[in-house]
Amino acid sequence: MGYASQIVNHSKKLRGASKFLRQASAVRWFSEDLQSSIVKKDEIWKIQGRGYQSSQKGAIRNLVNFNNRPHFLQCNRGVSMMTTSIGNPFFGSLTKSNRGFSSGSGLPPHQEIGMPSLSPTMTEGNIARWLKKEGDKLSPGEVLCEVETDKATVEMECMEEGYLAKIIHGDGAKEIKVGEVIAITVEDEEDIAKFKDYEPTSSSSGAGAAAAESSAPSSPKKEAVEEPVRSPEPKTVKQGPASDGERIFASPLARKLAEDNNVPISSVKGTGPDGSIVKADIEDYLASRGKESTTAPKAKDGAGAPLDYSDVPHTQIRKVTASRLLFSKQTIPHYYLSVDACVDRLMDLRNQLNALQEASGGKRLSVNDLVIKAAALTLRKVPQCNSSWTDNYIRQYHNVNINVAVQTDNGLYVPVIRDADKKGLSSISEEVKKLAQKARENTLKPEDYEGGTFTVSNLGGPFGIKQFCAIINPPQSGILAVGSAEKRVIPGSSAEEFKFASFMSVTLSCDHRVIDGAIGAEWLKAFKGYIENPESMLL
């Protein structure tokens, strides 16, 4: 308790917590091998999606209980702080907010704000832009910066007063590992200047990432006698080229300069603090080898002439999409079933419903809205296709949640229509339009795209594609590829009679581990029945 009291007295915002420490209800976790400090409710940094706000009650609940066990991140002097998890849909999300209490280093009390984990698949993120600049005063609820995750852009808010002393990663910084320090905040305005040349150490940058990677508590260790903290002597470490798998520490400016000049940063020797790579190291590398030698070789055509091209950087969503689709094709045994369905009666029903919609002031229905409804009802009729594969069992879902593929300038998004089998056509149409708009504006929240059980991808209506085969969206077991409708001449009632009809081609991609060929054929037969007899969808 003596060490915790020293920390409480060192921070202005925690000096009034001595009585709070004595109360049994306020005691957090004190063990033989780990001491902890008290963190006030208004000192928790919260990450939330644009327009989404958790209640304070939920924040306190998540603070005390994270997956039914306390969760700690290491502070500068070995003092652990409990961090908050947003909870669903941000499962396992962490915000690294380490408060430094270092009297010997010459630095005043401060907080190291780390890159948070905002989705189960997120391992790194980008800084879209900072809404605050160095020296600005921070108030609870104000947006600090916008973080581009693997699936969306979210806003990072602060819940305590202070000042932004140092921005470690500026606007546009890319591929920042989860837990890596992105900014420093202080309590007093006069302390801002002391962090002008501040560089996070390797240990502080990696503490949050290590905590995020391993949620299991470490085995008990014998309590070690803590030595007084001594001011580190300034030194310059010459870091050799990094080996495979070794993490490289470099300043944002150095990374940007290396990226602009196609310099493999792993081959540069660092001379910055703790061997980190700084801008001067990249400049020395360019000077020693010549800028021309570091640029990528020009592509040439078959005749040997150089090609005119430009490199387009990957967006975060495109990188994630590429990774998931590659995983799908490499691990899921795909097979494909196609069928042509007559859509004349479907189009007639759509025209009748749109007339009613316009008369009541509603929005028009699209063919895709009817396709989504038909697919949802078919999944309810053939539930084996509403399943996913695991190593120990096949999980069959009782909810029918349809993901809808939406193409945007940033990449491919798949927002979800939940319980589509239970919703009316007008509700489905309205949700699809709203989610598609949010996808184009890059404002989707995790609850807008997570939890789907089946996917519909339509390239027919927007692009006129007749037929295609889609890649399954894991962990789902099926995806329906919808082509365009075309008029065909078909036999009439007599041998010499012919008539015109419109047919739409659809292809079902199946995971053969879950959906046998006969089950896939049964699903397509039922789907075709709903399309050719659309009135049955209204019963």
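Yeah, the Cβs are placed from backbone N, Cα and C, and that goes for glycine too.
Going by TrEMBL, these are the annotated features:
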- 110-186: domain 'Lipoyl-binding' (DOMAIN)
- 198-245: region 'Disordered' (REGION)
- 202-219: compositional bias 'Low complexity' (COMPBIAS)
- 220-236: compositional bias 'Basic and acidic residues' (COMPBIAS)
- 249-286: domain 'Peripheral subunit-binding (PSBD)' (DOMAIN)
- 289-310: region 'Disordered' (REGION)
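Sorting each residue of the domain 'Peripheral subunit-binding (PSBD)' (249-286) by its DSSP state yields 23 helix, 3 strand, 12 coil. For the domain 'Peripheral subunit-binding (PSBD)' (249-286), the model's average pLDDT works out to 82. For the domain 'Lipoyl-binding' (110-186), the DSSP-based tally of helix, strand and coil residues reads 0 helix, 39 strand, 38 coil.
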